[in-house]
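Structure in structure tokens, see below.
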Amino acid sequence: MLNIIYVVSLILIKFIFYKECNNNNNYYLSNIELYNYKLRKRNRILNNNINDRKSFLSDLEQNYKPLFDIYELSANFEKRRKELEKKTKGEENEIEKKKENDLEEKKENEIEKKKENDLEKEYNDVINLLELSLSSEYKELNADVSNNDNSGHEENNKHKLNKKNSSNYKNDKSLDELIKGAILKLKQNPNIKNKNMLDYDKIFKIIKEKLINKNLASNKIKGGDNEKLKEEKKQSDISTNVEVKKDIINDQLNKGIPTKIENKDDMINKESNKEDITNEGKSNSLNNLNTLNNDGNIITKVYDHYTIVTNSNDILNDISIDASDISKNSIGGINIPFNENDNSSFTHQRYIVLSNNGEKKYKIVLMTKNPKFMDMDGIYDEEEKKESLIELNQKVNKEENTNLYDGTGTLYYGKKSKKEKENTQQKGGNNPNVDINILNNNNNNNNNNNNNSNNNSNSMNDEEINYNNNNNKESPSMFRRFINFLSFSGNENETEDTLIYHNKNDNSYKNKKEGTGKNNDNNDPNNNNNKKILLNVDKLVDQYLLNLKNNHTSKQELILVLKGELDLHSKNMKNVINNAKKNLEKYFKEHFKEFDKISYDISTPINFLCIFIPTLFDMNNMDLLKQALLILHNDLHEYVENWSFSSTYHTYEADYIKEQDSVYDRSPKKKYIKASKKLYNNKYSFLNKFLNIEPLILFAKKLNSKRSNIEKEILNFLPKELRDYSTWNLSIIRVFNAWFLAGYGNKNVKVCVVDSGADIKHVDLNGNLYIPEYNEKYEMTQDFYNFMVKNPTDASGHGTHVTGIIGGVANDLGVVGVAPNITLISLRFIDGKKYGGSFHAIKALNVCILNKAPIINASWGSSHFDVNLHLAVERLKYTLNGKGSVLIAASGNKSNDNDISPLYPATFTFPHVYSVASISRNFEISPFSNYGHKSVHILAPGHHIYSTIPNNSYKIFTGTSMAAPHVCGVSALVYSVCYNQGFIPQAEEVLDILTRTSIKIISTKKRTINDSLVNAEGAVLTTLLGGLWMQMDCYFVKFNLEKGKKKHIPVVFSAYKKGVYETDIVIAIIPIDGKSKIYGEIHIPIKIVTDVNIPNFQESPRRGKNYTIDSNEAQHDEVLSYICENALYNLYEYDSHYLLASVILFFLALLSIFVGMIYMKSRKHSDKKCSKNLMKSNYIPEMDDGMEETQQLQQERRQYFRELFGENLEKNYDQHFVQDFGQDFRQDFKLGSTPDLKQYSDIDLQNKIQQPERKTVKIIINNFEDRKKETKRRLLKGLNYDGENAKKHDFTNESISNSRKNFKFSNNTEMKKNTIKSEDVKIASDDNVNKAMNQLDDMFMK
């Protein structure tokens, strides 16, 4: 109905605006056909009526090429720039290295030469000093020897010769002692530098030789010593000159010359750091730095407020930017105080002005890149040291912009907020001093014995393990436990049935014990702010028996949740797990002879331990099972956060009726509610068009046939598959527009489908399905790997159908998915009966984490709350380096309220979990779908969805299992845009984008949190233009900038989170000539500061500079404008603004119809011919007696007035009638409008009608004369006084009828005949006569 109202309103508006429509019926009918086409849009099957389709698609693809390929073009341009930069740097580095090597050799030679000179100088100084000190003593010694030699005779020469030899020996001995004594004195001399490093043996030899050969010593010793020093230089200790080396090295470091001690890698790193520092200074400089760096074909030019990177000087010369109002280089940043209640509003606005000063025409495409967010939580606490933003920015780890999803994933807890870490410590998750307290019920022993035994066996520091029993209540009997088991329910108020973490001084356990009923929040396991609630041994036994009853298996899976930061592969943890296994095996072998061994399985990094317990127990020996569990707990209690047996999950299809799991009643919990839909302020909103008359005028003036056929052209450009089946599910979530804006997705983005598997050979899935290779980190056997990962055979077809909805390939065959160009990972955990256990689900989630999948689809669930799965899903928050993974879950198909009867994992209260309900073709929540205004987030198509099934087939399925994949596909498109921009978004932010861009659905009752439908176009567009921090209007995604034109681009900002956000607005510039290879990008850095605790924080003005938009403003792109405006004319977008506009238009339409009817009526009465025919129709030949008598009376009264006032009625009316009856009397009886009979004044009725008796008329006149004396008030009340006696006459129905009988006419038969001849009757027309006639008519009728 609303569609019809809206379309009819638009038709009427067009009719009002265009007068020529009245004369052009074909045009009007063609417009009605156009609107009718829009009304039938939801059920259409696409067709192709274009003859020259090949050329048309080529033109259309060329028109959209900047949108489809802009990211690839930008990435290739950046890759080329880096290659050229690397190549140029490589060549420069080689030249620099060669220069450095030459310089280094030269410096080394100089250093060696200097060392030789210094060493030689130092030795010469020491030797000269010793020689000078020993010369006098040595002369005395030589003098004595020479005197002895000259005395005596020749005969005594032999004796003298012998004596000389003996004296020389004595002299040598004395010389040695003399030199040694001098050297000893030299060592004690404080003026000698490095005296301890000198080679004194060498000095001894040199001094001795110089003294002995005094005459030749100066030349020989100098040459000989130099040669010996050169030979012994390499063998001598370089440490003799440490001080000299230190001075030289310091001089070189001060001059920036690399020394020999530095490694080559250090030198390269040092140079690269210098380059980074230099470039950083240039990019952030506030001075006018017009530096030009031409790296091959890539030119980088840095301006005050932005940077241009291009391969052509034409762009540098033609394009100019004014970014002074927005760039962080000019204004430092935009300060917006964070407010939780207003974080969804865009409150501040700035402008970017782009101008084309050249001769070419350019295509402009806008996007954002390299966003960074710094959480300031706790940084500026009073107790901590305050740091500047520059210091904080230096601490932020830079993420690589390539291979974001490659490698092996893990869980990263380092980015926990301060509050999360405190909560974790309180829960005991990361605190080694926190212990598990067992509240055990032992029916065989009394309470005191239990407390004593457990306090003695388990204690840890100040914490105690208490086996607390309620002394006022007896333990449940065997019969009662058996009844509870058969009823599949437990007692919520049994505090004995829980295990909780608590500290010694914590009163939470006491408060919990005192609280009762559902109103106690501590009973709710979903409350993350409370202590962890753990099942005790008795509950585990009940779970074991229940699973044994429902599933006849040889083993049951006991899953233990270990602390997240433990390394299960460490030697210590392996020993702990093996010891626990051996103790458990020993206990089983003591009681069961047929038992062999126990197997277990671990899952890291999710840190789950699964122990397969054999089905050896039943109701008769469950005490043995209880004791075995206590043994296991005693070995692992220091490392365990929770434990329970595996639960069962089922898929959500509409034909599912019976729930197989036991219903574990839980108190209703307020779901984590996303922010309400408030994407833009009214002033800057895309939705502002609803309240603006201009779009309506533009719509009314849309006469261009090309523009009117744009939608048809776009539809024909879509994949061929869409023309072979109904696309209502893709149409209503606006996937087609999303594809035109950002393409079909990105292959690097992985979506993990945890379901019943998939047909990996399906023609529509094979191109996108990815089978991870076997990895030891999967920690599964080869058979298990084949079952879950390598060959996930889909027996039910459910998983294949879900996978096709998410990412069916666009290959002109079959169907196409929401995101046709992404990577799909199908993991099987559901068996052929559509059921699966929590152990397999957790193993599948672990594989998703290891493969870095940011999106996980869960079209399954259970009403049983599983703590293990709860913790596994919680740890998805810490994947992808703390960014988190999104879990999209189906809400269920039982038409229940999930707020009261929750289904898991859809109602897990985590910000990265998203619950999806189903919507039908009528835009109403499907009758089978679960709902919940506190627990279900969004709606998606889930009714009669056509998708893939095994064996290359297709089928229509219905259920919320089909709704969740649509949201998964839209999430994949959002992640693809983020990948193209070079970053991984926060999981919570992705879901917030889906929520805020969703399409509002009109409903009489609130059924979900937002009552809105997922909107692929809005989500992609919001991500494309800056996300929830910053937005630009849709029209500026792409436009043409012609010669001499300008474009003012408004940008709005919001304080989405508390912290500091930075990004780059990138404006891609492409010549309109498709053959040109010119390309350029403008990078404008943006900073948004929202933390008011930052020093010197002051809110920025809400508006920046004022700009005037004139006739030189560039026009919007035609096709893109249609996509942007389609939000107004799209019949599926039901927003509150849309509803208001529709209602206003509807009333305007009704008013227009009413005015038109009045106008046409007046025109009809003014027509002479139509008025005559209307008068003729008043005289009906055949009538009853009453009507006949009335017509006769009217004719006789007319004749009477002609006789009374004469032929000139206009002249005598006031003279006779007004004077006789009075002015007041005339107004009293002017009770109705008088028809215009002036045109009939020339008609004479005397020959047609017999004259009435004068007596009858006199009776009327007398009555009027009596009434003349009475007041207006009494006359209106219908009172009549007779003459002077004022006798009252009663105007009752009886009196009126009697009065009518008093009128008698003559020649009644002839009058009737004359009346029948109505064609000849003409009434004299006079205004005064008509007024009097009508007054009398009213009087007679009363």
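Just so it is clear, glycine is given a Cβ too, placed from its N, Cα and C backbone atoms.
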Could you check Swiss-Prot and say which of ASN551, ASN1293 is marked as N-linked glycosylation site?
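So the answer, going by Swiss-Prot, is ASN551.
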Tell me which residue from ASN343, ASN1307 Swiss-Prot records as N-linked glycosylation site.
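Record annotation (Swiss-Prot, N-linked glycosylation site): ASN343.
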Express the distance between the Cα positions of ASN857 (N-linked glycosylation site) and ASN1106 (N-linked glycosylation site) as a whole number of Å.
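Checking the Cα atoms of ASN857 (N-linked glycosylation site) and ASN1106 (N-linked glycosylation site) gives a distance of 48 Å.
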Using a 10 Å radius around each Cβ and counting other Cβ atoms from all shown chains, which of the glycosylation sites ASN821, ASN857 yields the largest count?
ASN857
List the Cα distance (Å, whole number) between ASN729 (N-linked glycosylation site) and ASN1106 (N-linked glycosylation site).
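Roughly 44 Å, rounded to the nearest whole number.
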Of ASN343, ASN551, ASN642, ASN821, ASN1010, which is closest to ASN1106 (N-linked glycosylation site) if I measure between C-alpha atoms? They're all glycosylation sites.
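Result: the closest of the glycosylation sites to ASN1106 (N-linked glycosylation site) is ASN343.
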Given a separation of at least six residues and a C-beta threshold under 8 Å, show me what packs close to ASN551 (N-linked glycosylation site) in the same chain.
THR648
Which of the glycosylation sites ASN343, ASN642, ASN821, ASN1010 has its Cα closest in space to the Cα of ASN951 (N-linked glycosylation site)?
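When the Cα distances are compared, ASN821 comes out closest.
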May I ask which of the glycosylation sites ASN343, ASN821, ASN1010 is closest to ASN642 (N-linked glycosylation site) if we compare their C-alpha atoms?
ASN1010
For ASN343 (N-linked glycosylation site) and ASN821 (N-linked glycosylation site), what Cα-Cα distance in Å is obtained after rounding to a whole number?
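Rounded to the nearest whole number, the Cα-Cα distance is 33 Å.
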Let me know how many other Cβ atoms fall within 10 Å of the Cβ of ASN343 (N-linked glycosylation site).
19
Rounded to the nearest Å, what's the C-alpha distance separating ASN821 (N-linked glycosylation site) and ASN1010 (N-linked glycosylation site)? Just drop the number here, would you?
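So the alpha carbons of ASN821 (N-linked glycosylation site) and ASN1010 (N-linked glycosylation site) sit roughly 30 Å from each other.
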Counting every protein chain present, what is the number of Cβ atoms, excluding its own, within 10 Å of the Cβ of ASN951 (N-linked glycosylation site)?
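Taking all protein chains shown, ASN951 (N-linked glycosylation site) has 10 Cβ neighbours within 10 Å.
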